[in-house]
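Down below is the structure, laid out as C-alpha cells.
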Amino acid sequence: MLDIRFVRESPDVVRADLRKRNDLEKLAWVDDLLAKDSQARAMQVKVDELRRRRNEISREINEARKAGKDTSALMAEARDIPRQIKEAETEMEESRNKVHYYLMRLPNILDDSVPVGKDDTENVEVKRWGEPVQKDFEIKNHGLLAVEHGWADFERAAKVAGAGFYFLKGNMVLLDMALQRFAMDLLVKRGFTPVTPPYMMNRKSYEGVTDLADFEKVMYKIEGDDMYLIATSEHPIGAMYQGEIFEEKDLPLRLAGISPCFRREIGAHGLDTKGLFRVHQFHKIEQFVFCKPEDSWKIHEEILANAEAVFQQLGLPYHVVNICTGDIGTVAAKKYDIEVWMPRENTYKEVVSCSNCTAYQATRLNIKVRDPKDFESKRYVHTLNSTAIATSRAMRAILENNQQKDGSVLIPEVLRPYMNGLEYL
C-alpha cells in the first residue's frame, strides 16, 4: 500500500496516477482519505489533551481538598472526561479504519516508463527473440497430441476433480520435472536460494502481498479456516519476512520459489479450453527479491534477463511487452510480460510476468531495512517478482513449437540431461 505520509505530502501525484490509470472511482477517494486522516489526527490530539487534563484535574482536586476549597466543579469535569475520551477514540478509530481501507486498495504509483493504455491490446512490445516457427504441416492441438500419446488424461481428471485439471503421465511427467529443475538450476547459478513455501496462507498475510478485493475471486479458500491455497509462491515468500528489519549487508536477498499453484478462475478462451495453458493447478518456479530501494530498477532488468534466459535456452521464440496502465493491476509499479510464440494460433501468449512492486508490498507487510550509519533510521525495502517458468504453459509451447510431422516432439537440448538423455517425446 501507499505510505500515508506520501499521500499527505504528494496528493497530486496520487491523483495524477489514478487519472493515468483512468480509475475515477479511486480518484474520488483521495479527498475523503485526506479528510479522514486529518480527522483521525485531530481526534488523537483531542484524546491526548483530555488525558493530560484528566491527570491535571486529579492534582487540582487534591490541592483544592488540602486547601479546603469546593471541588464539585472539578469533580463534575473529571466524571465527564471518560465519556469525552471514549467519543473521541471512537471517532478516531472510525477515521483510521476508513483511511486504512483506502490505503489498502489504492494502487501503487506507476513508473514514468509505463505506457498509457486502456487494456492488454495497448501493451507495448520492447523486444523480440527468435524467429516464429512456421510448419509445413497442420500442428495438432497440444492437448489432443498429449492424449494420443498417453502423456495426459483430461477426461479421467475431469471425473476426479472437474474441468481444468489433468493427469500427466510417462514422459510428460519427466518433462514437467525437467523444466522445474532446469529453471531452478539456472537461478541457483545466478545467486538465488531455493525455497519451498507453505502451500496455504492466512488472510492477514495474503492481504499483505496483494489486494484481495481483486485477487480473491481467483483463489481457493479453505472452508472453515482463515486459509487460502496459494496462487503462486510469490505470495508466501513475499510475506515471509513481515514485520522484520533487514540489515543492508543482507540485501539483495534473491529467493527462488518452487511450488504448485492453485487458481479458481481459468477462463474459457477458444483453443485454450482443453489442454495445459489455462488450468486450476500447475507448477511454477518463481523469482523473488528483497532489495534496497535504490537497487530495484537494476534488479528488475536482471530478473527479466533471467526469465529470458530460460526461454532462450529452451529455444522458444518470444517477445517482451511493457504492460500498460489499463492492464498492470494494483501492486506493480512496472511490469513486463514475456509472451512465447504459439504457432498453432499464430500468436504470442503470456508465460512470464515480471514486476517491480517498489515499496508497495513492504509497506503493507512492514518490512524495512536499517540504515547502517543510524541504528534508529529505517526505510521500506523494495520487492520484485518474476516467473522463471510455469511448466504447464512451457509444455504447451514445446509441444507446438517442437512438434514433428510424425507427431513426435523434439525435447529441447538443455532438458535432455534431466530426462535420461531422451531426444524425442
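Each residue, glycine too, has its Cβ placed from N, Cα and C.
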Further L-serine ligand in Swiss-Prot, beside Thr232, Ser233, Glu234, Thr387, within candidate set Glu286, Glu294, Glu301, Glu302: Glu286
Recorded ATP site member, picked from Val279, Val369, that accompanies Arg263, Arg264, Glu265, Glu350, Val351, Val352, Ser353 in Swiss-Prot: Val279
Long-range Cβ environment of Arg264 (ATP binding site), under 8 Å and at least 6 residues apart: Lys217, Val218, Met219, Tyr220, His280
Other C-beta atoms that fall within 10 angstroms of the C-beta of Glu234 (L-serine binding site): 30
Thr232 (L-serine binding site) as reference: those binding-site residues from Arg263, Val279, Ser353 with C-alpha within 10 Å of it: Arg263
Check: same-chain CB within 8 A of L-serine site center, minus Thr232, Ser233, Glu234, Glu286, Thr387: His235, Ile237, Gly257, Ser259, Cys261, Lys284, Ile285, Gln287, Phe288, Asn385
